[in-house]
């Protein structure tokens, strides 16, 4: 039997359609759309592509974009002043500072200047604390997107054994918190885990976010498990029989034969991140308007 | 073979002796001792005992105590004004608001008004966020005390399978973070875990904090595991052969025959909490003085 492939593009399209409707309703109630401000310092090509994609996605769902670009030699004071201005601007519902920033700036420090109620990437200390304590707040986009994928695929989270491989602040740690909030029994594994294959093989829900191409093999996977691949690794050339040189952290063909459901790379988790960013922007706007 | 009993009173006495030396050195450098302010609202007898114990412990190690007591009908504004005054007072290194507070007040809200740099209980959103993101900050006393007990007992944390039963904000969640920081593979189990005995039996380090008398049985324990009992439950009368009616979450006599090391109740984790509170107060004073 072969696993169901979880179509991240399809689920992301559903989220965007929901967001579009929510934006329309917000405009009706408030006479203005939610707004997302992006801050890009410098001319890193990949970062410019990401920011461009986010701004385009905003336009598609009716969110007003504020596209702030500062030169690579912008001073800390300039960036701080911009963030403070955006924090105070009622038309700006969400703010993100595209990382990495140039070496003379501290991306963690700058991110933490964002008003937590506008922290649509969920990266500030306050957002991490709200999540850890189970308080309302904006949640990191990629882990929140994974929860949505699991729900869309009909995966039972409550009572499941979930294993998250990888413990980054950006993904693994908040992912574990969100699974715990949904009553999974959660294990966080990582590079120092003694027998990673053994730990992985317990998982009803296995989530890999380590950044090592096809590290998780088919025989690490419990038959019928839901397998979520958060890795995006670029090989020198496409593997045999594939058109894309992008592969995940999971050996897809092997896993397909064992898992119950699996996300592909590309087209799995990736599309969810921007979709949840848009969703967070609307949620932020509603909270700031005193709704919910 | 019978497990080594980890003597929490002994380890707590060592921590207090270290703190006493650190306080003396701090006084030499700064001409004043670290200070701990406790806030007790109302006349709850148990809370008064806890606060009294903390103030006495401060006196013993040379920390200056500020013992603030407000009547049960104190207004929110009065408590807020006190916290703000203590936040601004340079002689006050640490502040704790004894919980629970009377019903007309919100303990979580009040706690969050404490300056995170003075949050010696580690309970604010900012402290939880700093811990989650691996940033410097004050850590919750009981989980930090457990780490100290494991170290004192010579338990290898790195690479170990650690299972924490219980996911409270006060203990289970920060405990999991601290174990992860020390490179354990960490599982958080709880009331919705499908097969708790099976999950527990994987643990090289098993930590129970559920508040159910002797719930964890001997056959849940991996032979040789380090077992930490955070529960304190009062039975109607002492169990056969015991003088105390206090028991933990672990069936001690059964566990003793299987585990490699185990904390007793009382005299295990309990004494560590105040010891780490004193330690946190000194760390807070040093941070505020620009040391470290």
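Note: Cβ is positioned from N, Cα and C throughout, glycine not excepted.
Under the DSSP three-state reduction, residue B:168 (NADP(+) binding site) is assigned to coil, being neither helix nor strand. Close to residue B:168 (NADP(+) binding site) in the fold, though at least 6 residues off in sequence, lie B:209, each with a CB less than 8 Å from its CB. Annotation source TrEMBL lists NADP(+) binding site at B:166, B:167, B:168, B:232.
The annotation domain 'Tetrahydrofolate dehydrogenase/cyclohydrolase catalytic' is assigned in TrEMBL to B:6-121.
What TrEMBL records for B:140-288 is domain 'Tetrahydrofolate dehydrogenase/cyclohydrolase NAD(P)-binding'. On the 0 to 100 pLDDT scale, the domain 'Tetrahydrofolate dehydrogenase/cyclohydrolase NAD(P)-binding' (B:140-288) averages 96 in this prediction.
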### DSSP-assigned states of the domain 'Tetrahydrofolate dehydrogenase/cyclohydrolase catalytic' (B:6-121) in counts, ordered helix, strand, coil
61 helix, 19 strand, 36 coil
## Note on the structure
Largest C-alpha distance in Å for the NADP(+) site residues B:166, B:167, B:168, B:232, as a whole number, is 16
### Message
Within a 10 Å radius of its Cβ, which of these binding-site residues (B:166, B:167, B:232) has the fewest neighbouring Cβ atoms?
### Response
B:232
### Task
Sequence order please: the binding-site residues B:166, B:168, B:232 that have their Cβ under 8 Å from a chain A Cβ, otherwise just none.
none
### Query
DSSP says what for the domain 'Tetrahydrofolate dehydrogenase/cyclohydrolase NAD(P)-binding' (B:140-288): how many helix, strand, coil residues?
54 helix, 26 strand, 69 coil
